[in-house]
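Undergrad: Here you go, one structure.
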Amino acid sequence: MPSYTVTVATGSQWFAGTDDYIYLSLVGSTGCSERHLLDKAFYNDFERGAVDSYDVTVDEELGDIQLVKIEKRKYWLHDDWYLKYVTLKTPSGDYIEFPCYRWLTGEGEVVLRDGRAKLARDDQIHILKQHRRLELETRQKQYRWMEWNPGFPLSIDAKCHRDLPRDIQFDSEKGVDFVLNYSKAMENLFINRFMHMFQSSWSDFADFEKIFVKISNTISERVMNHWQEDLMFGYQFLNGCNPVLIRRCTELPAKLPVTTEMVECSLERQLTLEQEVEQGNIFIVDFELLDGIDANKTDPCTLQFLAAPICLLYKNLVNKMVPIAIQLNQVPGDENPIFFPSDSKYDWLLAKIWVRSSDFHIHQTITHLLRTHLVSEVFGIAMYRQLPAVHPVFKLLVAHVRFTIAINTKAREQLICEYGLFDKANATGGGGHVQMVQKAMQELTYTSLCFPEAIKARGMDSTKDIPYYFYRDDGLLVWEAIRAFTADVVGIYYESDQVVEEDPELQAFVKDVYVYGMRGRKASGFPKSIKTREQLSEYLTVVIFTASAQHAAVNFGQYDWCSWIPNAPPTMRAPPPSAKGVVTIEQIVDTLPDRGRSCWHLGAVWALSQFQENELFLGMYPEEHFIEKPVKEAMARFRKNLDGIVSVIAERNKNKKLPYYYLSPDRIPNSVAI
């Protein structure tokens, strides 16, 4: 009688093993086996991290093995099990791999296909077509779209983390408990002793060091020492944690009535302001999105305020960015003066602090939350709903949506919900952050997620004109490495544009993103369908780059740049000044966040800047969803390209007082998971 050797690998994460009964059935081209209990006498099967082998004898020839069915039945109590893969050695000596990488819960079962990636058109056998269809039908019941707030991208239909399908939950929910993590961070930073003085102001700038000095590092310490300088202020628009707003100014806006006489002392080329604009030396950051946003009113004891500044920057003779004019609200007028470096020290300093605070709000809610977290969740939900596990695009993307839906669900549960942690310290809490996302969604476009095009659209693409824009330089290297990798994978499975166009599952995935994620908004420019291999490669690059590199660039520098509170105030307790010459140091300190909000803010930026335990970085694919040699070779080339980028960035950063490393591939996690 034919005999098969079955090897079963159990996951190595916590609680991956099981004591339940595990049964296996084989489905072949000429017959099906009976159900076999996988059990060895006097042996603890399916322990965490174990690889167990069993001999399975069948009554008759089964032909080519098409499916492996694994069933889990209760032994004592329900015991979840994480199955990595099954390997089958056939009677003829061939080895067949069946990747799984899924949880079996309750009286669970899973039907696996071998690891070769297949498009729908490759499946001609009825049982394989049926398996493909049933998998998607099941997933579409599990992964349902939901509107969390009007105007938001749709998200997963789950009220809390434990409502999610087990396969996309965190291994340990405790590890991503925001309340726990922020409290732990404040404890680790020795700042919880200030929390009882929640409403009280700090004495002066030096007083902020009481909560800062315990965790100083090179960048944050340098920020603390140099935050008042114009050069440090300008540098952050290029290489801080929100390097996506600055754009070349091609025409001075009417709402910022600045003249040459007003900024003459800042211009170094003996040109008029208009001539400087023509030569490409003037840059602008406009926080128009904040105009009309409601400030946080959740704490009746503390009034909080927002502004919508416009900041003009100048590229000086040594190609460094410096601010030359700041207007704190959008409509010019006597009570909305324009501030200049030539004004009194504290007038100019407070104007810059207002810009830094506004930058923090746009960064947290739009650059970070909307444009990485929520967008990546859309790609993840659409992938699970429309692409079966055997599809090459599923195999490619699954590592890049790992834990993304879970972290966002947790954020909706604890962080950005009504009365959530976001309300505690941020001026845009209490609903302002929701209004911001609703406004920003009207401007979210597909091309703005294509890194090279986004840089070019802001007029920031010239390395000669703007030589110190490391976010651009490193981002383009990583984008190109990902694009080359996706082009390789697309080339392996799609031999022509026609195959792309005729792939119903791929088209359904792209359509799901457009219709539900982007709410069918034509102006978003998100494709409704994909017609060529080149388009597909770019689309996959957008998905992977957004989840990995873009998120890393705007997330992991938060402690570096935002821990010195005056450099990134999460709230302001007095309105923007409406006149010049009246600002004092005492007034600035009373405007900055109080002790309690400063502590919450510091705990938040510390917790958000930490990598996950067992983090997987770009190019790491420990789950072997792909088994074919050409794809494994493409992955090896990808890793080699990324290693080269790591070396280039390390060499550039040598001896730099402010190294830029957020886009070094060895610091870019594969997915949005924090």
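Cβ coordinates are placed from backbone N, Cα and C, and glycine is handled just like the others.
Nobody curates TrEMBL annotations by hand; they come from automatic prediction.
Below are the features I grabbed from TrEMBL:
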DOMAIN    2-118  domain 'PLAT'
BINDING   Gly17, Asp79, Asp80  Ca(2+) 1 binding site
BINDING   Asp39  Ca(2+) 2 binding site
SITE      Trp103  site 'Essential for stabilizing binding to COTL1'
DOMAIN    118-674  domain 'Lipoxygenase'
BINDING   His368, His373, His551, Ile674  Fe cation binding site
Undergrad: Judged by the number of other CB atoms within 10 angstroms, which among His373, His551 is the least packed of the binding-site residues?
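TA: So among His373, His551, the binding-site residues given, the one with the fewest Cβ atoms within 10 Å is His373.
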Undergrad: Hey, how far is His368 (Fe cation binding site) from Trp103 (site 'Essential for stabilizing binding to COTL1'), Cα to Cα, in Å?
TA: 30
Undergrad: Could you state the whole-number distance in Å separating the C-alpha atoms of Asp79 (Ca(2+) 1 binding site) and Trp103 (site 'Essential for stabilizing binding to COTL1')?
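TA: Roughly 10 Å, rounded to the nearest whole number.
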Undergrad: Cα-Cα separation of His373 (Fe cation binding site) and Gly17 (Ca(2+) 1 binding site), in Å?
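TA: A Cα-Cα distance of 31 Å.
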Undergrad: Measuring C-alpha to C-alpha, could you say which of the recorded positions Asp39, Trp103, His551, Ile674 are within 10 Å of Asp80 (Ca(2+) 1 binding site)?
TA: Trp103
Undergrad: Provide the three-state DSSP residue tally for the domain 'PLAT' (2-118): helix first, then strand, then coil.
TA: 0 helix, 58 strand, 59 coil
Undergrad: Name them in sequence order: residues not among His368, His373, His551, Ile674 whose Cβ is within 8 Å of the mean position of the Cβ atoms defining the Fe cation site.
TA: Leu369, Thr372, Ser376, Ile407, Val554, Asn555, Leu608, Val672
Undergrad: Using a 10 Å cut-off between Cα atoms, which of these recorded positions sit near Asp39 (Ca(2+) 2 binding site): Gly17, Trp103, His551, Ile674?
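TA: None, since no candidate lies within 10 Å.
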Undergrad: To what whole number does the mean pLDDT across the domain 'PLAT' (2-118) round?
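TA: Here the predicted model's pLDDT, averaged over the domain 'PLAT' (2-118), is 95.
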Undergrad: Any idea what the Cα distance is from Gly17 (Ca(2+) 1 binding site) over to His551 (Fe cation binding site), rounded to a whole Å?
TA: 33
Undergrad: What Cα-Cα separation, expressed in whole Å, is found between Ile674 (Fe cation binding site) and Trp103 (site 'Essential for stabilizing binding to COTL1')?
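TA: Just about 22 Å between their Cα atoms.
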Undergrad: About how far apart, in whole Å, are the alpha carbons (Cα) of Trp103 (site 'Essential for stabilizing binding to COTL1') and His551 (Fe cation binding site)?
TA: 27
Undergrad: Which residue, out of the binding-site residues Asp39, Asp79, Asp80, shows the minimum number of other Cβ atoms inside 10 Å of its Cβ in this structure?
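TA: Counting other Cβ atoms within 10 Å of each of the binding-site residues Asp39, Asp79, Asp80 gives the minimum at Asp39.
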Undergrad: Other than Gly17, Asp79, Asp80 themselves, what residues in this chain have Cβ atoms within 8 Å of the centroid of the Ca(2+) 1 site's Cβ atoms?
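TA: These residues sit around the Ca(2+) 1 site: Phe15, Ala16, Thr18, Asp19, Asp20, Phe46, Trp81, Tyr82.
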Undergrad: CB neighbours of Ile674 (Fe cation binding site) within 10 A?
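TA: Other Cβ atoms found within 10 Å: 19.
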Undergrad: Would you mind checking how many other C-beta atoms are within 10 angstroms of the C-beta on Gly17 (Ca(2+) 1 binding site)?
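TA: Around the Cβ of Gly17 (Ca(2+) 1 binding site), 21 other Cβ atoms lie within 10 Å.
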Undergrad: Determine the Cβ neighbour count for Trp103 (site 'Essential for stabilizing binding to COTL1'): the number of other Cβ atoms within 10 Å of its Cβ.
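TA: Looking across every protein chain shown, the total is 22.
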